[in-house]
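Undergrad: Take this structure first; my questions come after.
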Amino acid sequence: MSSDPMRNIRNFSIIAHVDHGKSTLADRIIQLCGGLEAREMEAQVLDSNPIERERGITIKAQSVSLLYKAQDGQNYHLNLIDTPGHVDFSYEVSRSLAACEGALLVVDASQGVEAQSVANCYTAVEQGLEVVPILNKIDLPTADTERAKAEIEAVIGIDASEAVAVSAKTGLYVEQVLEAIVQRIPAPQPRDTEKLQALIIDSWFDNYLGVVSLVRVMQGEITPGAKLLVMSTGRSHPVDAVGVFTPKRKTLAKLTAGEVGWVTASIKDVHGAPVGDTLTLANDPAPKPLPGFQEVQPRVFAGLFPVDAEDYPDLREALEKLRLNDAALRFEPENSEAMGFGFRCGFLGMLHMEIVQERLEREYDLNLITTAPTVIYEVLKTDGTLVAMDNPAKMPPINQINEIREPIIRSNILTPPEYVGAVITLCEEKRGSQIGITYLGNQVQVAYELPMAEVVLDFFDKLKSVTRGYASLDYHFLRFQEGPFVRVDTLINGDRVDALSVIVHRHQAERRGRELCEKMKDLIPRQMFDVAIQAAIGSQIISRSTVKAMRKNVLAKCYGGDISRKKKLLEKQKEGKKRMKQIGRVEIPQEAFLAVLQIDNK
């Protein structure tokens with residue numbers, strides 16, 4: 001390499017909407033640079049988690065260091081940091097981008113620009129990254145590179161005249177991408193301080209090594225034996241080993257400025273290396289941490305309970321291990337009258353929640369019940385205190401509430417023009433208020449303010465169905481807004497089931513209560529006694545349905561004879577049912593808890 005060790009380093013990310021071929025392009029780049037031999041290559045090398053492969057999405061940021069001999073004859077050190085594309089994982093993207101000097105914006109030439117690419121691209125531009133547009137899937141008959149270029153310029157506003165057109169699947173023109181990386185993405189710049197500063201891009205737990213952190217060294221160097229200080233926690237740890245992924249784990253003597261690699265430092269506590277934090281030397285610390293570290297705020301909350309109460313300690317341990325990989329996952333113990341001990345968990349969105357539940361069940365072999373997800377509400381009490389409420393069961397009594405505020409988000413929806421009407425209708429049904437509509441070439445951008453509670457459940461699915469799958473959605477939190485909200489409780493035989501309580505808009509309360517009762521009637525198995533299902537607001541019952549009892553025909557052995565004999569047997573049966581109803585408990589199946597989700601918010 002040249003005299004300046006950082007001159008030939010290129011740190012870059014790949015940003016794209018879900019399904020535009022980001023992971024496939026990463027595979028081709030690894031193959032071309034000889035990161036893996038042909039026999040070791042497999043599809044989606046960087047998506048190491050089986051759920052990522054099955055769903056075809058990237059959840060966690062991954063990195064790989066490659067050597068590339070460019071056409072100018074020099075050897076370049078390329079560090080690729082893969083990023084997720086789904087709206088739920090936008091913080092993962094911003095951290096990955098903070099570790100780079102450039103980004104490849106991958107756009108499917110047959111589909112054009114979609115909302116998530118726009119959001120991630122704006123993040124990259126705000127952080128001062130050089131964005132190189134890549135048009136992928138040019139081998140498809142429906143690919144239209146000129147239209148895709150025009151959309152990139154119209155929607156995102158960056159110059160696409162030198163966009164590189166490739167087919168990641170076949171490997172066509174991928175070498176031009178590598179040349180564009182070398183020529184257009186700047187080398188890392190030395191910082192004004194000589195002291196060590198390293199950004200933690202990701203952390204995960206390894207049973208043998210403890211916590212492994214993926215870091216970008218901004219300044220200084222990390223060597224085994226040095227004492228590292230984690231700036232947000234104030235704790236220091238001795239470094240065991242450092243290295244890079246090629247994508248196999250490779251140990252090095254040191255990590256120097258500009259490089260991206262892994263560090264192990266015997267950190268056993270899963271909260272010891274928060275993602276987005278800064279590492280520095282304990283005996284010669286940097287004056288201030290790197291900018292941009294923020295605590296991620298969960299937006300969707302749900303209860304997770306083990307089906308078997310004995311699994312509670314295992315669930316706690318599994319959640320603690322998952323939280324290390326997942327900076328956004330929050331949980332606290334919760335006790336439900338209906339389901340015993342479990343945890344109240346906070347997630348970024350519905351996809352995040354599904355993935356966490358799937359990982360718990362798969363990787364830790366747990367059998368779980370999930371309650372219906374809710375968003376966080378603000379409650380202003382009559383004594384002037386403001387409380388955050390993430391669980392409807394914790395809502396204060398009505399006479400203590402001054403007002404309830406719900407979270408409002410701003411959503412940007414990109415859709416083909418023919419579906420604009422359907423999108424507007426859907427947003428209006430969800431109590432949205434329109435901000436504006438912008439026509440951008442072959443796409444229309446519809447901006448709405450929507451209540452988050454309406455979006456988290458099934459908005460995305462409905463948006464896809466009314467636009468035949470063409471629309472894409474990106475959203476961010478705006479503010480809390482007051483509204484007329486009530487809690488609808490579900491009573492089973494007069495007992496309130498706290499896990500089935502929901503907070504709804506007053507105008508929808510009666511319909512939601514009625515639909516919930518009907519749904520529960522189909523899902524609760526018949527007992528030996530009548531089961532009354534009621535929906536109530538406070539003490540006022542707004543709906544009721546009954547699961548009829550199974551009964552034995554006690555008159556089967558009476559042939560003719562006196563009517564009083566039959567009456568006596570029927571009375572005896574009635575008494576037994578009454579007694580049974582007093583002591584009998586109704587087992588509520590998992591499907592009943594998810595019924596709250598399935599009620600169509602028409």
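For all residues, glycine too, the Cβ spot is worked out from N, Cα and C.
Found this in Swiss-Prot, in case it helps:
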BINDING   Asp19, His20, Gly21, Lys22, Ser23, Thr24, Asn136, Lys137, Ile138, Asp139  GTP binding site
DOMAIN    7-189  domain 'tr-type G'
Undergrad: For Asn136 (GTP binding site), list the number of other Cβ atoms lying within 10 Å of its Cβ atom.
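TA: Other Cβ atoms within 10 Å of Asn136 (GTP binding site): 29.
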Undergrad: So if I measure Cβ to Cβ from Ile138 (GTP binding site) and keep only same-chain residues at least 6 apart in sequence, which ones fall under 8 Å?
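TA: In sequence order, the residues whose Cβ lies under 8 Å from that of Ile138 (GTP binding site) (at least 6 apart) are Ala109, Thr145, Ala165, Val166, Ser167, Leu172, Tyr173.
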Undergrad: Check Ser23 (GTP binding site) against DSSP and tell me helix, strand or coil, would you?
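TA: SS state of Ser23 (GTP binding site) = helix.
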